[in-house]
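Here Swiss-Prot flags 32-45 as compositional bias 'Polar residues'. What Swiss-Prot records for 109-122 is compositional bias 'Pro residues'. Sequence annotations record features per position, and here Swiss-Prot assigns compositional bias 'Basic and acidic residues' to 128-145. Under the heading domain 'CUE', Swiss-Prot lists 65-107. Feature annotation from Swiss-Prot assigns region 'Disordered' to 32-63, 106-145. Under the heading topological domain 'Cytoplasmic', Swiss-Prot lists 24-184. Marked as transmembrane segment by Swiss-Prot: 3-23.
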Amino acid sequence: MDQSSALFLALLLVLFVLVKWFIKTESHPSAQHATVDTGLSSQSTGAAGGRAQGTGAVRRRRRPVNDDMIEVVQALAPHLHSEQIRYDLERSGSVEATVERYLRGEDFPFPPGYTAPIPPESPQQDSSDPRKRSNIRADDLLQKYDVDPAEDMSAVEFHELDMDARKRFMVWRARKRMEANLQK
């Protein structure tokens, strides 16, 4: 390899290192977090003994909050109001931090000066709404399948019955077993 090729490769290597160094802090949020943490720890090593003073919250460069960020958080926390999410995103500047706060169970306050919307008062018609009424009720299987408990079906062969007759037979057999258990 001649001298010009070696010089060219060395120049490419130096250029690559410089470009990586300039782009490093803007490339990934975790890289920004690491540089901010090291900056805070080096500033606070004096009187605090290595611990950050105050709340210990790390200040990150904030991004403007857009609707996509709110939708991501609302997908995980649908019961939160969009203003609560927007306020927390403006404070934290990060969807990840907001989601972590939600998963930890922290409160999401409304922004100062914002009044929470009052849900409209619904009249007492909710109880008469057929969709909200409990439709679960016990069925009387003897009446439903027209089974006479006094009838003797013990001589009937189960495999020879059609579907409806099998249902009646199973209800009759269950009734007889229940009567036998209650007499014991």
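Glycine residues also receive a Cβ, built from the backbone N, Cα and C atoms like all the rest.
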Model confidence over the domain 'CUE' (65-107), averaged pLDDT: 90
Composition by DSSP (helix, strand, coil) of residues within the domain 'CUE' (65-107): 31 helix, 0 strand, 12 coil
